[in-house]
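Quick notes on the structure that follows.
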Amino acid sequence: MGLVSRGAAAAGLGAASAVVRPGPPDAVPHPIPTPPPESAALGSSRMPGMVLKAFFPTCCASADSGLLVGRWVPEQSSAVVLAVVHFPFIPIQVKELLAQVHQASRVGLAVLGTWCHRRQETEESLGHFLEGLGAIFSHEPWLQLCRERGSKLWSCKATRRQVPPHPGAPYEDQVMLVFYDQRKVLLSQLHPPAAVPDRQAGDATASAGGLAAVFDTVARSEALFRSDRFDEGPVRLSHWQSEGVEASILAELAKRASGPICVLLACLLSLISAASACRVFKLWPLSFIWSKLSVCEQLRHRLEQLTLVFSTQKAENPTQLMRKANVLVSVLLDVALGLALLSWLHGKDRIGQLAEALVPVADHVAEELQHLLQWLMGAPAGLKMNRALDQVLGRFFLYHLHLWISYIHLMSPFIERILWHVGLSACLGLTVALSILSDIIALLTFHIYCFYVYGARLYCLKICGLSSLWRLFRGKKWNVLRQRVDSCSYDLDQLFIGTLLFTILVFLLPTTALYYLVFTLLRLLVVAVQGLIHLLVDLINSLPLYSLGLRLCRPYRLAAGVKFRVLEHEAGRPLRLLMQINPLPYCRVVHTYRLPSCGCHPTHSWGSLCRKLFFGELIYPWRQRGDKQD
């Protein structure tokens, strides 16, 4: 194998088969010249051009001399350096490696220039030898980076040999050197600038297109990082994994075992989904129960989560991968909390204690309701009520209350076994246990719900009657077809009947309104308790715990942007900056990666809620789906 000198390299001789080695110290009489300052005279031999940015990985700052491999982004006038190729190397093998990386990652890589790290005095002449490699690896512009021996001074220049402004004078660009942490940029995910709140003062923020190009280049060039300087291949590289590929035996075993396990669980979940979609469950009693119980909604949502986690389809982008990880962590935390609850319930016979305390509590609630009804049947707060209507309503509600007490005592022998099965369901997750608790509260307060529905319907009927009779007095009527109020002429008999009915409804309204007010307050108390339970379930289902853990432990993984810190700014030297990643704020992490819930968000504003309460409409403020009808 021959030695390619500077003259041979400039003439293009032996570019395909020769081994490139650094020449002897006395081959070049002078080192690399430093780039001229911005105020260079017009008569100088090199003409200043545009300002380009060279992104250089910090892990290569101590690498040996060689070639700079990376990607040129012409839209941003930026050069993203990915690795350094060390001597000795064969040029055609370097080109074959870049072609393989391009085929695997669809990223057009090229040799951008040369890198000279002067460690000893005998290497000072190496820079002039490296200039000749531009004839073998032709690239415009051609970067020449050099680190001075025993100091922190850097020299960097970019020359163009095509179309010079003066004949025989290379066209030289001004270079701004930007250092970046290759590992952090590779593992991070850049979010759009619209998701970033107020920018910090004093931070120089790059454009979105340039940042996206840098992050995308490093992320898609992972195939280049699979080879390190310990490989026995023809090309030795320096990059963020130059010390060896990070690996773990447990991680490799988990990767190999996850495939068959996911296939098995995916088949099992598909069978469960097919069984749940059977026509038997769509018959009237089962379909009614399936649509009304909260535990059925949570089980359906849990089945969708497990189907997503154990799907054999590979995630197409980092967002889907992050969603899978968030769902997996959420399910694992839910199951862990459920097992902790199960352990607490079955310890020290707490289920038996709860069963023994449940019936006395139900009796106490029934007694308090009975006292409340007796108070309403008298003169509550000194109000003059319609005694006949008051007695009818009071006895009607007392009869329902006695039926409820009989039902509770009839179910008392089976309460402990029911609670035991409810506690056993906690192994499916804390959210399942909380959903069952919400359904149990709904069943135990079913008599309050009935009282509320009776009072609301009676109150709504009177409000509608009063509004219709009020339109009669004004010579108006409601047009059902056009959905508007039109003028209408009434005869004397109609006005007399309307006046009589309006008077009766006005005098009966206070009694009905008082019963409606009391039972609405009780109903709102139950709804508030159920709403808190549903909010807790929704919090566990939708909170992106994995993303929050990444933001806490490795904030660079979720990038909102970058900021630059000035390392060196001297006349005659390239401007050197350090690119640092700005992490995404916690509120943006929750907003961006929030998981879909099972539909427990309140749908009523305070205004609409008060309007419905005033007109006696039934409310379900903790439901999002429209499956419950008035």
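Count begins at 1; order follows the chain as displayed.
Using N, Cα and C of the backbone, Cβ positions are placed for all residues, glycine too.
Whatever TrEMBL says is automated annotation, not expert-curated.
Record features, source TrEMBL:
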- 24-38: compositional bias 'Pro residues' (COMPBIAS)
- 24-43: region 'Disordered' (REGION)
- 327-345: transmembrane segment (TRANSMEM)
- 392-410: transmembrane segment (TRANSMEM)
- 422-445: transmembrane segment (TRANSMEM)
- 494-518: transmembrane segment (TRANSMEM)
- 524-548: transmembrane segment (TRANSMEM)
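Residues 359, 362-363, 366, 369-370, 373-374, 376-377, 446-447, 450-451, 454, 511-512, 515 of the same chain, all 6+ positions outside the transmembrane segment (392-410), place their C-beta atoms under 8 angstroms from a C-beta of that stretch.
Between the transmembrane segment (422-445) and the stretches 327-345, 494-518, 524-548, the greatest number of Cβ pairs separated by less than 8 Å involves 327-345. Tertiary proximity for the transmembrane segment (524-548) is limited to same-chain residues at least six positions away from its ends with a CB under 8 Å from its CB atoms, namely 294, 298, 301, 322, 325-326, 328-330, 333-334, 337, 430-431, 434-435, 437-438, 441-442, 445, 448-449, 558, 586, 589-590, 592-598, 600-602, 619, 621-622.
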